[in-house]
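**Student:** The structure follows.
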Amino acid sequence: MAKAPARAASAVRLFDAHCHLQDPHVAAVAPTLIRAAAASGVARFAVNGTSEKDWHLVKQMAEDHPAVVPCFGLHPWWVPERSPDWMNSLRRFFAETPEAAVGEIGLDKGSHGKTIDFGEQVEVFQRQLELAKELERPVSVHCVRAFGDLLEVLKQTGPFPAGVLLHSYMGSAEMVSGLANLGCYFSLSGFLIGMKSTKAKQMLKSIPLDRILLETDAPDALPRLDNVSVSPVHVHSSDADTEKRHIDSESQAANASNESLNHPENIHIVLKYVASLLEMPESELAELSYKNATKLFSYPGSKVQPEAEAI
């Protein structure tokens, strides 16, 4: 039986349901970020791959860190760069990593997504949804300005007994019921703070309490909330020097301002904001979302098991 993660001194425990700690902007200091987040009460991290180029990094991170739940998927932005053998390669990663979930996959009609053939996006998305059903694994889904299309594809391919995580959900309140009926969970990130608060509150109130999740989408979605200080990514030279060997040469060339990078410890800001809109104590929302994520990520072979996570 899987061992439950050690409880931090924090008064709450949290599950970062979607992040990208293999991202080249933070991968060098991922162990430091994981330790800091764990000390604040973040017990689990669902780390999502996005293309053939980073699945091996996610796999290695999960092997190095018991708290990391690996996820493999082809993100819509990387659909044009897929190799002819991409699906076979994806299947191999799942065969070698029985604890993995599916993600990040999805549909995108945003500023970048609209430059990518939508028919190809749909085809790749459907094939990965079918794989998730075949493997009986939950799947983490990206959707930008394509919720109508998403609902149609999910109806055609679903239902999904293992669950669908709609990451950084920013859809309407009206769509929640139909999506929930197909097995969807609604994961909330710092992007929610940019939504009009009245609309965000209406949407949140429409989500069944047993389908609410919290995430950071780190290193993206840095939450900026008035009167709440944001913790930036601190890169110490010793940490970076030690960990850089885990990053390929192409990734080392990546660069970004530390002030704009997000990390899992900032999930506390998301918790605070969502709890305020739901008019719910933060401790109650933290435990509720943790139990929901534990249920979603509990499947044969997973590191996460409800019995081990119980208080």
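Glycine is no exception: its Cβ is also placed from the backbone N, Cα and C atoms.
Pulled these from TrEMBL:
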{"type": "BINDING", "residues": "H18, H20, E104, D217", "note": "divalent metal cation 1 binding site"}
{"type": "BINDING", "residues": "H142, H167", "note": "divalent metal cation 2 binding site"}
{"type": "COMPBIAS", "residues": "250-259", "note": "compositional bias 'Low complexity'"}
{"type": "REGION", "residues": "233-259", "note": "region 'Disordered'"}
**Student:** Anything within 10 Å of H142 (divalent metal cation 2 binding site)? Look among the binding-site residues H20, E104, D217, comparing CA atoms, and list what you find.
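**Tutor:** For H142 (divalent metal cation 2 binding site), the binding-site residues whose Cα atoms are within 10 Å come to E104.
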**Student:** Reported as an integer number of Å, what is the Cα distance between H20 (divalent metal cation 1 binding site) and H167 (divalent metal cation 2 binding site)?
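**Tutor:** Per the Cα atoms, H20 (divalent metal cation 1 binding site) and H167 (divalent metal cation 2 binding site) stand 12 Å apart.
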**Student:** Give the distance between the Cα atoms of H18 (divalent metal cation 1 binding site) and H167 (divalent metal cation 2 binding site), rounded to the nearest whole Å.
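**Tutor:** Roughly 7 Å, rounded to the nearest whole number.
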**Student:** Please report the distance from the Cα of H167 (divalent metal cation 2 binding site) to the Cα of E104 (divalent metal cation 1 binding site), rounded to the nearest angstrom.
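**Tutor:** Taking the Cα atoms only, H167 (divalent metal cation 2 binding site) lies 9 Å from E104 (divalent metal cation 1 binding site).
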**Student:** On a simple 10 Å Cβ count over all chains shown, which one of the binding-site residues H18, H20, H142, H167 is most densely packed?
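**Tutor:** Per the Cβ count, the most surrounded site is H18.
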**Student:** Enter the number of other CB atoms within 10 angstroms of the CB of E104 (divalent metal cation 1 binding site).
**Tutor:** 27
